[in-house]
Number of protein chains: 4
Amino acid sequence: MANSKYEYVRNFERDEHLLPNTWIVVRIDGRGFHRFSDHYGFQKPNDVRALDVMNSAARHVVKTLPDIVMAYGVSDEYSFVFHKSTTLFERRNAKLVSTVVSTFTAAYVMFWPRGFFVSAVETETEREKGETKGKKKEMEQQQEQQERDLDVEMIPTFDARAVCYPSWENLRDYLSWRQVDCHINNLYNTTFWALVQRGGMSQTAAEESLKGTLASDKNEILWSRFGINYNNEPEMFRKGSVVFREYALETTTTKTNAGKTENENLPEDEKPVSVSKTQFEKMRKARQKAKIVTAHLDIIKDDFWLVRPWLRSGKPGRPVE
Amino acid sequence: MANSKYEYVRNFERDEHLLPNTWIVVRIDGRGFHRFSDHYGFQKPNDVRALDVMNSAARHVVKTLPDIVMAYGVSDEYSFVFHKSTTLFERRNAKLVSTVVSTFTAAYVMFWPRGFFVSAVETETEREKGETKGKKKEMEQQQEQQERDLDVEMIPTFDARAVCYPSWENLRDYLSWRQVDCHINNLYNTTFWALVQRGGMSQTAAEESLKGTLASDKNEILWSRFGINYNNEPEMFRKGSVVFREYALETTTTKTNAGKTENENLPEDEKPVSVSKTQFEKMRKARQKAKIVTAHLDIIKDDFWLVRPWLRSGKPGRPVE
Amino acid sequence: MANSKYEYVRNFERDEHLLPNTWIVVRIDGRGFHRFSDHYGFQKPNDVRALDVMNSAARHVVKTLPDIVMAYGVSDEYSFVFHKSTTLFERRNAKLVSTVVSTFTAAYVMFWPRGFFVSAVETETEREKGETKGKKKEMEQQQEQQERDLDVEMIPTFDARAVCYPSWENLRDYLSWRQVDCHINNLYNTTFWALVQRGGMSQTAAEESLKGTLASDKNEILWSRFGINYNNEPEMFRKGSVVFREYALETTTTKTNAGKTENENLPEDEKPVSVSKTQFEKMRKARQKAKIVTAHLDIIKDDFWLVRPWLRSGKPGRPVE
Amino acid sequence: MANSKYEYVRNFERDEHLLPNTWIVVRIDGRGFHRFSDHYGFQKPNDVRALDVMNSAARHVVKTLPDIVMAYGVSDEYSFVFHKSTTLFERRNAKLVSTVVSTFTAAYVMFWPRGFFVSAVETETEREKGETKGKKKEMEQQQEQQERDLDVEMIPTFDARAVCYPSWENLRDYLSWRQVDCHINNLYNTTFWALVQRGGMSQTAAEESLKGTLASDKNEILWSRFGINYNNEPEMFRKGSVVFREYALETTTTKTNAGKTENENLPEDEKPVSVSKTQFEKMRKARQKAKIVTAHLDIIKDDFWLVRPWLRSGKPGRPVE
């Protein structure tokens, strides 16, 4: 009973190999997460517990696929960045997309019912913010009571796509685009829910009153009407989450290779640029652990990238002492 | 803080819209399931419990994505067939692939830890096989003892791809290819594990002794050495699993529209072909329930398709009386 | 001096293999042919000489690429149909598109300066239209005086694309789409230029007066104001041109396999359908020559296809007696 | 007679938009040029007349498509480089490929029969090589006698493909790959035909005797047996042809932005690097004409690119004084 008679159908399979030497971003997005978040009673405007599940799932993806140099997530979306030199799965589109989204989904479901919420905030930035952290702890405790298992009728699913970015500048702009989006949405949502939850407005009225407002208007509303200083809101909410492998931070760097420009092959003898004492100390501490880190930092400015050159080079940095 | 400066990165996104009027098959495959099955102690050559999780997950996918007309699964793979007329997600490749694989994965994980194993065998074919079912029950009981939750270190993931088949014949040949593969692999595995488990052979010796053997040789080994009649093995093992929406089976059909030929627009006045009394009775019973069915039937021959014209037409059949 | 250091750039090449078992149409379109036709003083609304160059070039393409079963052209566009079973160039998109457009372009330039205008009308349809042919001859003589070589500053170029059609019905609808377009445009242009050339209207006035008119209105204008019976216009203008390999026409056919339906595998014992004596005689004559034919026929109705089953089957017909 | 019934077929058309911010190379290749060159009696190993037609056609393509920054050709192939910022035809693959190959083909045929052979050598490099040029003239005269028009039976056609290169380095390596290929093939062919034409060997014997030889061996054969110094062979043969728009050459440049590295955004205050007096004089002369230039230069080393920064930047340089 040979199979050869039917095997011709293999000829219908088509593989798209993504262009070499381009940065591959696989972005996953929650499907129907508005309904999903209602169903499980997510806190508004942000649910720490839900974000932690997202972050844990992302960590798991980064851990199991070492070709991923970093991931950036906000709300129910996460972007996974494969280094431009990756040859994983021969860069086949469907294989990359399906593997990332399947691994993420499995991890999300796994981490959900077990009450396993990694503390996504054990990073250098967060450790200094006792205040913020205290606030977050509080939220988590409130939420714990509502914790429940997943219903078969409402299981979390994600879609995904792969996009290629030819240059480092394009990649940086992509990530900046997502983080700006995070900021715009979070400022809006924070104000909107303050008006509803503390201001007693209906959702329609709140929406109406925010039409056409600028960022400064929203900051003003938050402060004058609710005593909220937006800048004191948790960084996870304002900046989203970055997941990456941490090595010894670099203390020496130059103006030239700082930014988004294309000069990758730099002379070896470049002079170090001085960094502030505070920064240096911070870096030293950070070097103490080498692991996958979830942080809530500004990834638009060059600083984040300057001290972590391995993200761009794709080469593992020096192990943390 | 406008986002317009970065939004140009959207231009890098590319959508592949799959060719209209073609059958779309999204096939998912377990990643590293050899190691996975070892880790969780799957029974060899087939683990009813694991197959049931696959089938449950597939049912869930078919249920939540009505554009899927049927699914066919064997071992750790499942093929989901979208009707050629589907316009779901504008037929975007990445969206179809990622949604199917994410939904399947989520369901697989969901159904695993809960001990929720749908009886994949409540179909007309199975209901008559008391013997087979008894055997299966037994297996399930043995396995129940070993049942354990999923380890974070070893979570099930799947990759996936979409393939277009332009004609009904191509689609049928694709499905036949998978079912012939199921048969070839299962006959081999059944013989191999009989040699190892009951014949006391090492795996290497068993492999060696099966080299170059024909199907008839393997049947002979099973019967003469172990008293196993391969044809009495559970149908789920020998034929794989078909998942589809069941409507009232059609009793009238013609020779002409039976097969894989392309004549879709048939004269309305065709004469009914007589069906055996046994078959008719079987069909009558099957009509009694309208639901998503998991069956273990021959899908290579025309019979399966003849009585279920809705699979090809994509139009819901008459509701089951 | 090894080349291996640079050869990695080959990895950037991507081949798109068009889906098997689909009809491939490569359509070429004149680039900037409005300006081109002005430059060379094409007669309006139709220039026999220019259409003949198009048809000659198309014949050449069909002749040199036997995998093309037929071509259909109108104005400055031509569609080349590759049989769904073709494996030419492994069905690579760029190779098919570039070969067709390059061959067409070369032939177009070749046939232009030599005053080589194949008589595109030696077909069964045309041979009976003494009147039409007389008219055409006349036109050609008028044009001959204006004939001139091509300027380097204004050389004819074409762009091209390949499209896949999964079913015979889709292909037929594509060709019908082009022929209906031919009709709509030609009726409009014939009326427009009659108003301008014979009615003394400005082009703007003519355009204005035709706004919102139906086909019947245009027919009426042509007849009542200019004594033109549109149906007597040359068939090449009204129907475009079909280029194909001619074999012995089939006299026997059945209702069932007539049309656009998908029933390709028909019983061998089908009864012949009677054809009118006139038709039969016509066919007999047509059988007398086996060659590449350029005709101006209705390809929307089934008749054209019924008597030329080799166009659909891709198998050469019986040689013309 | 509405066309709407058929217009759905438009949905089958698919456009591939090439990834933004990548260098697009459209490479055309002669189809069956071995037979073609035999048919028209091309001189071996190189036919100046035929190369000139290639170069003239390429010039025409560069002239009519200003988005092309340069072209490089050897033998019967030509590569056209679109700047990475081009948005021509919305970067649609088929449109770019078909337009380039159609324009090239039309020009090739146009330039062939008219005896219009542009002197592809009016460049700074060639003008100094009286000797080489004298040799070339001689060849041209010999060939003139054999000149004949194109046969309809043997018309020149080309296929084409588009490839994207994400970085400047990749593009440079692509072009280097082609030029190294040119060198390897030309050294081989020069030696091979010397053995045959002057050494009286059969082609088989010549092929046999060259098996396994290194570049140095071939140089030695040429010199010792035929008194040929390979380095005195015409540059067009040894280096192929570059076609580009010429602006005022840049005299100041730096080590840093010389090469293939990615540092595009350089500090404005960089110090000029001294160039040799000979070079400077050469540049000065070259600045005297602003036009499309066909040259035969080394494009592997950085020098060619250093003095023509507009090729990389895509911005027109200063007009030639």
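Note: Cβ is positioned from N, Cα and C throughout, glycine not excepted.
Feature list (source: TrEMBL):
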- B:6-166: domain 'tRNAHis guanylyltransferase catalytic' (DOMAIN)
- B:ASP29, B:ASP76: Mg(2+) 2 binding site (BINDING)
- B:ASP29, B:GLY30, B:ARG31, B:GLY32, B:PHE33, B:HIS34, B:SER75, B:ASP76: GTP binding site (BINDING)
- B:127-148: region 'Disordered' (REGION)
- B:169-301: domain 'Thg1 C-terminal' (DOMAIN)
- B:254-275: region 'Disordered' (REGION)
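Feature map: TrEMBL annotations on the structure.
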{"residue": "B:ASP29", "record": "Mg(2+) 2 binding site", "contacts (Cβ under 8 Å, 6+ apart)": "B:ASP76, B:GLU77, B:PHE158, B:ASP159, B:ALA160"}
{"residue": "B:GLY30", "record": "GTP binding site", "contacts (Cβ under 8 Å, 6+ apart)": "B:PHE36, B:SER75, B:ASP76, B:GLU77, B:PRO156, B:THR157, B:PHE158"}
{"residue": "B:ARG31", "record": "GTP binding site", "contacts (Cβ under 8 Å, 6+ apart)": "B:THR157, B:PHE158, B:ASP159"}
{"residue": "B:GLY32", "record": "GTP binding site", "contacts (Cβ under 8 Å, 6+ apart)": "B:THR157"}
{"residue": "B:PHE33", "record": "GTP binding site", "contacts (Cβ under 8 Å, 6+ apart)": "B:SER75, B:ASP76, B:PRO156"}
{"residue": "B:HIS34", "record": "GTP binding site", "contacts (Cβ under 8 Å, 6+ apart)": "none"}
Of B:GLY30, B:ARG31, B:GLY32, chain A-adjacent binding-site residues (C-beta under 8 angstroms): B:ARG31
Per DSSP, three-state class assigned to B:GLY30 (GTP binding site): strand
Distance in Å spanning the most remote Cα pair of B:ASP29, B:GLY30, B:ARG31, B:GLY32, B:PHE33, B:HIS34, B:SER75, B:ASP76, given for GTP: 13
Across the domain 'tRNAHis guanylyltransferase catalytic' (B:6-166), average pLDDT on the 0 to 100 scale: 84
Residues within 8 Å of the B:ASP29, B:GLY30, B:ARG31, B:GLY32, B:PHE33, B:HIS34, B:SER75, B:ASP76 Cβ centre (excluding the GTP site residues themselves): B:PHE36, B:SER37, B:GLU77, B:PHE158
Cβ neighbour count (within 10 Å, all chains shown) around B:ASP76 (Mg(2+) 2 binding site): 21
